[in-house]
Amino acid sequence: MAPVSIVSRAAMRAAAAPARAVRALTTSTALQGSSSSTFESPFKGESKAAKVPDFGKYMSKAPPSTNMLFSYFMVGTMGAITAAGAKSTIQEFLKNMSASADVLAMAKVEVDLNAIPEGKNVIIKWRGKPVFIRHRTPAEIEEANKVNVATLRDPETDADRVKKPEWLVMLGVCTHLGCVPIGEAGDYGGWFCPCHGSHYDISGRIRKGPAPLNLEIPLYEFPEEGKLVIG
């Protein structure tokens, strides 16, 4: 009887297996049905593709050439405004930097010639530079006029360098490298530059040495007898 019982139980389990499978399928279907949420998604039924906003109504209807002309106009206008502002700024800067009337007045120096004896040199300061004033003797004037201008490095007659023969007025700056020459010295009885050995005659003309030019003549005038104004 034991073998029969074992066979019977096996047959019963085999017969019950389909029923369990049906119950499991039914249970799974029920769970799936009940798992849906009661919350309804606002996107339900919407297409998964994102919609791009249409800004066409905000775009200019003018042709491209018109837009470019407008851009050029704006750039040109801004450039003109900038240039006008820069011009005004530069003009104001230059105005502030220009010398005042007081400064210009100080640029002129007045000299009393009665205080300078004949045959003597006087050195004054004008615009930060030394000015040589020589009260020449008749012999010095004659010597200056005897020089052959054609032999000079920087040809100038004595008459071209003075307004009155007895008064020689010139900047005391060597035309070589800017040193101050020594008066009544050198091989020509005029001025000698100790820096590099330039010799100037009694008219201030270069005669020997490395200097290329004669001593410079500043602006000056004789407003009245016995008075000299430089500048």
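Backbone N, Cα and C atoms are what each Cβ position is placed from, and that goes for glycine too.
Annotated features in Swiss-Prot:
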type: BINDING; residues: CYS174, HIS176, CYS193, HIS196; note: [2Fe-2S] cluster binding site
type: DISULFID; residues: CYS179-CYS195; note: disulfide bond
type: DOMAIN; residues: 134-229; note: domain 'Rieske'
type: TOPO_DOM; residues: 33-65; note: topological domain 'Mitochondrial matrix'
type: TOPO_DOM; residues: 96-231; note: topological domain 'Mitochondrial intermembrane'
type: TRANSIT; residues: 1-24; note: transit peptide
type: TRANSMEM; residues: 66-95; note: transmembrane segment
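Taking the centroid of the Cβ atoms of CYS174, HIS176, CYS193, HIS196 as the [2Fe-2S] cluster site, the other same-chain residues with Cβ within 8 Å of it are THR175, LEU177, GLY178, CYS179, PRO181, CYS195, GLY197, SER198, GLY209, PRO210, ALA211.
In the topological domain 'Mitochondrial intermembrane' (96-231), helix, strand and coil residues by DSSP number 23 helix, 46 strand, 67 coil. In the predicted structure, the domain 'Rieske' (134-229) carries a mean pLDDT of 97. Counting every protein chain shown, the Cβ of CYS195 (disulfide bond) has 15 other Cβ atoms within 10 Å. Here the recorded positions are CYS174, CYS179, and the one ringed by the most other CB atoms within 10 angstroms is CYS174. Of all the binding-site residues listed here (HIS176, HIS196), it is HIS196 whose C-beta has the fewest other C-beta atoms within 10 angstroms. For CYS193 ([2Fe-2S] cluster binding site), the same-chain residues 6+ apart in sequence whose C-beta sits under 8 angstroms from its C-beta are CYS174, HIS176, CYS179, VAL180, PRO181, ILE182, HIS199, TYR200, GLY209, ALA211.
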